[in-house]
Amino acid sequence: MENASSVKEFILLGLSEDPGVQKICFVLFLFFYMLIVAGNLLIIITVTSGQPLTSPMYFFLCYLSFVDICYSSVTAPKMLADFLVGNKTISFVGCMAQLFGVHFFGCTEIFILTVMAYDRYLAICRPLHYTTLMTRRVCGRMVIGSWVGGFMHSIVQTLLTIQLPFCGPNKIDHYFCDVHPLLQLACTDTYAMGIAIVANSGMITLSSFFILVMSYVVILVSLKRIGWHKALSTCGSHITVVILFFGPCTFIYIRPSSNLLEDKSIAVFYTVITPMLNPPIYTLRNKEVKSAMRKLWSRKVGSENGK
């Protein structure tokens with residue numbers, strides 16, 4: 001779609017304009033990004049290596065880890081590069097591509113987390129029907145549906161934004177291209193557009209969050225007979241991830257933005273912190289995953305010693 005903007009590139013102001021702070025941030029976020037890639041890649045390798053992790057939960061966890069790597073990779077490499085250079089520009093096309101990627105992978109993660117909650121609900125509340133309902137084909141369709149839903153949401157956000165005229169300031173007070181900062185740069189009235197974008201994001205976030213909350217409430221009530229402590233330990237990892245991801249997302253996208261400094265600080269949680277914490281959250285208290293990782297490591301060491 002042709003855009004009438006005179007602006008051909010944007011300048012990302014990043015998390016800080018202080019050179020000293022930028023150097024510290026570079027080291028810190030480089031470490032975070034390495035943990036994101038290594039941790040989530042380890043889960044993917046463990047689940048797909050032929051170890052006995054064949055239940056639907058691990059099938060979905062594998063895709064969640066893949067999405068987390070992609071999601072953080074849309075923003076982190078550019079952010080890290082900008083910490084080291086003075087010219088923090090991004091082309092108009094690159095900005096729209098980054099916007100698309102952030103919403104595509106972010107929304108896909110929302111849907112996968114929702115599917116994982118439904119999976120836990122069936123496994124705990126309807127165990128006798130679980131294997132019949134959650135077949136490999138059904139799981140595959142749920143994952144495909146998550147990708148399609150993420151694509152549809154992202155294409156709407158991108159098409160709405162790309163039509164805006166940008167003819168004045170080109171400094172984005174953020175570390176990546178997102179809808180709210182771009183709306184503030186458009187040289188036209190963006191009130192109606194802002195409402196449409198908030199409605200699009202808010203509807204998906206709130207409806208998914210409602211399904212998640214209801215699923216876990218039913219699960220916890222069903223597990224009450226075994227004690228709250230054990231019930232929480234059973235679903236604690238899932239609930240923790242949901243809170244870490246949905247809390248910041250809900251805060252950012254269900255209301256018109258008024259404080260971009262606040263927004264970009266909160267955005268760090270769902271673009272960097274949550275993808276980094278997902279691997280330890282899902283593995284530290286999961287005996288099956290830890291056992292599979294130990295077997296994978298033993299097999300790796302054994303094969304090297306046998307050479």
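Cβ atoms here come from the backbone N, Cα and C positions, even for glycine.
All annotation found in TrEMBL is predicted automatically rather than curated by experts.
For reference, TrEMBL has these:
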- 20-45: transmembrane segment (TRANSMEM)
- 39-282: domain 'G-protein coupled receptors family 1 profile' (DOMAIN)
- 57-76: transmembrane segment (TRANSMEM)
- 96-118: transmembrane segment (TRANSMEM)
- 138-156: transmembrane segment (TRANSMEM)
- 191-219: transmembrane segment (TRANSMEM)
- 231-254: transmembrane segment (TRANSMEM)
- 266-284: transmembrane segment (TRANSMEM)
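When each of the listed stretches 20-45, 96-118, 191-219 is scored by C-beta pairs under 8 angstroms to the transmembrane segment (57-76), 96-118 comes out highest. Sequence-remote contacts of a segment are chain residues at least 6 beyond its ends whose Cβ falls under 8 Å from one of its Cβ atoms, and for the transmembrane segment (20-45) they are 14, 61-62, 65-66, 68-69, 72-73, 76-77, 79-80, 83-84, 272-273, 275-276, 278-280, 282-283, 289, 293, 296. Looking only at the domain 'G-protein coupled receptors family 1 profile' (39-282), the predicted model's pLDDT averages out at 85.
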